[in-house]
Amino acid sequence: MKVAIIILSLALVAAVFADQNCDIGNITSQCQMQHKNCEDANGCDTIIEECKTSMVERCQNQEFESAAGSTTLGPQ
């Protein structure tokens, strides 16, 4: 069950990045919607938080890579 949830979370992460939408409000909504049918009463909040953390980290990495890729050295 947790493996399926993780796979779905990764698919959601890819979909959000495809849109380049890293707004925390959107991330929260997407994770909550993705896991709305969670059956683990004690673990659902944790799963949603892990989803959000993963998506935020990927957004930060994407922003860092974009910034690094746009840096040029020498005359332009």
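For all residues, glycine too, the Cβ spot is worked out from N, Cα and C.
So that you can see what the record holds, here are the features copied from Swiss-Prot:
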- 1-18: signal peptide (SIGNAL)
- CYS22-CYS59: disulfide bond (DISULFID)
- ASN26: N-linked glycosylation site (CARBOHYD)
- CYS31-CYS51: disulfide bond (DISULFID)
- CYS38-CYS44: disulfide bond (DISULFID)
Number of other Cβ atoms within 10 Å of the Cβ of CYS51 (disulfide bond) across all protein chains: 24
DSSP three-state assignment (helix, strand or coil) for CYS59 (disulfide bond): helix
Residue pair ASN26 (N-linked glycosylation site), CYS44 (disulfide bond) - Cα distance, angstrom, rounded: 18
Protein Cβ atoms within 10 Å of CYS59 (disulfide bond), excluding its own: 19
Per-residue Cβ crowding (10 Å cut-off), top of disulfide-bonded residues CYS22, CYS31, CYS38, CYS44: CYS31
Cα separation, CYS59 (disulfide bond) to CYS51 (disulfide bond) (Å, whole number): 12
